[in-house]
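The active site, proton acceptor annotation in Swiss-Prot covers Lys197. Annotation comment: Swiss-Prot describes Ser17, Tyr18, His38, Lys112, Ala145, Arg261, Val285, Glu287 as NADPH binding site, evidence class sequence analysis. The sn-glycerol 3-phosphate binding site feature in Swiss-Prot is assigned to Lys112, Gly141, Thr143, Lys197, Asp250, Ser260, Arg261, Asn262.
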Amino acid sequence: MNTTVATSPITVLGAGSYGTALAIAFSRNGFPTYLWGHDPVHMQRLSEERQNNAFLPNIAFPDALHIEFDLASALSQSRDLLIVVPSHVFGEVIDKIKPYLRPDHRIAWATKGLERNTGRLLQEVIEEKLGTQHPLAVLSGPTFAKELAAGLPTAIALASNNEQFALEFQARIHCSKHFRVYINQDMIGVQLGGAIKNVIAISAGMSDGMGFGANARTALITRGIAEISRLGASLGANPNTFMGMSGLGDLVLTCTDDQSRNRRFGIMLGQGFSAQTAMDNIGQVVEGFYNAKEAYLLAQRQGIEMPITEQVYQVLFCGKNAQDVAASLLGRERKGE
């Protein structure tokens with residue numbers, strides 16, 4: 001890795017659990033890292049306590065991690081930006097940073113989701129609002145924030161429209177013995193896998209909440225990857241992407257481990273709780289709740305059959321309960337795999 005990359009700062013926008021975990025990972029590798037969040041009270045607490053006790057307690061910030069209170073200042077610190085905010089506010093954040101962007105800024109994001117109310121990929125949102133002059137990259141894969149921040153082994157996929165940006169981003173991560181990145185050329189597939197897996201994870205949680213067991217959960221994972229692959233093919237994604245980190249890897253992790261908010265949310269739905277009660281119980285953003293509607297809209301627009309996604313949408317937005325969904329899926333007409 002060259003000296004320029006080794007000393008290049010990075011600005012992380014979003015100080016929730018995942019944004020903080022990524023900022024810790026970069027700064028632990030020695031990169032000057034600037035972390036900005038929208039809530040000044042939360043940021044003041046991070047600055048004083050030098051850890052994110054709200055989301056990642058007892059994990060101290062490395063010395064290279066700097067807290068930024070002002071957005072303009074945060075953007076001025078680095079050429080490279082990493083956006084890690086919930087998908088339903090992603091467009092708003094792009095609007096906020098637009099006045100402060102320089103021509104040399106390069107923009108990456110680790111947000112997993114689709115644009116609210118449209119189902120558009122986040123790359124489309126950026127290019128509509130900012131044009132196509134900035135190199136872009138998306139980071140996605142099977143990562144829980146707590147494990148990443150703790151330095152446990154993690155692997156992830158990175159897709160970019162600029163080879164140099166991808167290689168330099170990869171070089172940053174590969175300073176660590178515990179954090180590995182695989183470059184992928186398929187930005188559409190990497191974005192899509194990270195978004196739709198949250199919806200499938202809700203269905204897997206619902207199944208477990210109803211006590212259906214491991215067989216049913218595995219069937220949902222398998223048929224879920226088929227849904228994601230069909231939708232991806234209609235949008236021009238590479239089918240192989242969905243067998244990698246940002247596809248099957250992230251899907252299996254999110255559907256099977258109780259660290260997953262989407263899975264826990266689904267479990268509560270399966271147990272008969274309302275969506276609002278489940279959201280309140282989890283206390284953090286459940287991306288799959290927002291993405292179910294957007295994924296359903298995107299599938300309808302593309303003319304792609306996605307029965308699991310549709311049934312989750314029906315539960316969240318049309319008043320169905322989990323038992324109705326199970327009956328609908330099991331009662332579908334016979335077909336080949």
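Glycine is treated like the rest: Cβ placed from N, Cα and C.
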From recorded positions Gly141, Thr143, Lys197, Asp250, the one whose Cα lies nearest Glu287 (NADPH binding site): Lys197
Pairwise Cα distance for Tyr18 (NADPH binding site)/Asn262 (sn-glycerol 3-phosphate binding site) [Å, integer]: 15
Cβ neighbour count (within 10 Å, all chains shown) around Lys112 (NADPH binding site): 30
Spatial neighbours of Lys197 (active site, proton acceptor) that are distant in sequence (at least 6 apart) but have CB under 8 A: Lys112, Gly224, Ile228, Gly247, Asp250, Leu251, Thr254, Cys255
Greatest C-beta neighbour count within 10 angstroms, which of the binding-site residues Ser17, Ser260, Asn262: Asn262
Distance in Å spanning the most remote Cα pair of Lys112, Gly141, Thr143, Lys197, Asp250, Ser260, Arg261, Asn262, given for sn-glycerol 3-phosphate: 16
Sparsest-packed among the binding-site residues, when each Cβ's other Cβ atoms within 10 Å are tallied, from Ala145, Val285: Val285
Neighbourhood of Thr143 (sn-glycerol 3-phosphate binding site) by C-beta distance under 8 A, where only residues 6 or more apart in the same chain count: Tyr18, Ala21, Thr154, Ile156
Cα-nearest neighbour of Ser17 (NADPH binding site) within the listed binding-site residues, Gly141, Ser260, Asn262: Ser260
Inter-residue Cα distance where the pair is Ala145 (NADPH binding site) and Ser260 (sn-glycerol 3-phosphate binding site), in Å: 10
Tyr18 (NADPH binding site) CB neighbourhood, other CB atoms within 10 A: 25
Greatest C-beta neighbour count within 10 angstroms, which of the binding-site residues His38, Arg261: Arg261
Residues that sit under 8 angstroms from Gly141 (sn-glycerol 3-phosphate binding site) by C-beta distance, when 6+ apart in the chain: Thr154, Ala155, Ile156, Ala157, Gly194, Met245, Ser246, Gly249, Asp250
